[in-house]
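Can you read through this structure? Questions will come right after.
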Amino acid sequence: VLTMQIHHTKHHNTYITNLNASLEKLDAAVSAGDISAVINLQGALKFNGGGHLNHTLFWENLCPAESSQIKSDGELNDAVKASFGSYDELKAKFVPATVTVQGSGWGWLGYNKATGLLEVATCPNQDPLEATTGLVPIVGIDVWEHAYYKKYSNLRPDYVNAVWDIINWETAEKRLLAAK
């Protein structure tokens with residue numbers, strides 16, 4: 001619980017604070033016609049904006065373990081079967097990809113609008129999935145050390161598997177339906 005509180009109130013809040021500060025600077029730079037300043041802000045906007053977007057999605061895709069039910073019907077179930085064969089096969093691809101993110105980043109289940117299929121992807125740092133890959137985020141897991149180190153130490157696989165068990169599949173299905 002403490003890890004999640006710190007993660008939400010300190011880390012996510014810092015991304016929001018820094019994004020707002022960057023947006024104020026961007027507004028001033030645009031108003032002044034200062035193209036150089038606009039360009040210089042792009043890194044801060046991507047990092048802090050991505051941090052805010054990614055964390056917002058992350059919090060929304062968590063639920064109590066007893067509510068993390070994988071439905072045996074519906075659009076998400078059909079998409080998982082078409083894309084991976086089963087939820088077990090999805091997990092067999094998602095967990096290793098997410099665990100092996102080098103350094104800090106995110107593991108994602110994303111929807112490819114061009115193919116109509118789900119894909120497993122990873123993004124470094126706070127790079128947002130859709131802006132980076134074109135995939136619409138369905139489920140995301142934060143693998144920055146701040147997300148797990150206090151409870152799981154260096155055992156990232158244990159953390160990723162624990163988060164998998166509290167994924168809100170109902171929210172994931174709503175995201176998929178909205179993406180289509």
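Glycine is treated like the rest: Cβ placed from N, Cα and C.
In TrEMBL, annotation is done automatically, which means it is predicted and not curated.
Straight from TrEMBL, here's the annotation block:
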- His7, His55, Asp142, His146: Mn(2+) binding site (BINDING)
- 3-62: domain 'Manganese/iron superoxide dismutase N-terminal' (DOMAIN)
- 73-175: domain 'Manganese/iron superoxide dismutase C-terminal' (DOMAIN)
What does the DSSP secondary structure composition of the domain 'Manganese/iron superoxide dismutase N-terminal' (3-62) look like, as residue counts for helix, strand and coil?
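Across the domain 'Manganese/iron superoxide dismutase N-terminal' (3-62), the residues distribute as 55 helix, 1 strand, 4 coil.
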Would you identify the secondary structure of Asp142 (Mn(2+) binding site) according to DSSP, in three states?
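Where Asp142 (Mn(2+) binding site) sits, the three-state DSSP reduction gives strand.
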Mind giving me a neighbour count for His146 (Mn(2+) binding site)? Other Cβ atoms within 10 Å of its Cβ, every protein chain shown.
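Neighbour count, Cβ to Cβ under the 10 Å cut-off: 14.
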Per 10 Å Cβ neighbour count, which of the binding-site residues His55, Asp142 ranks highest?
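Counting every other Cβ within 10 Å of each candidate, the maximum falls on Asp142.
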Please average pLDDT over the domain 'Manganese/iron superoxide dismutase C-terminal' (73-175) for the predicted structure.
95
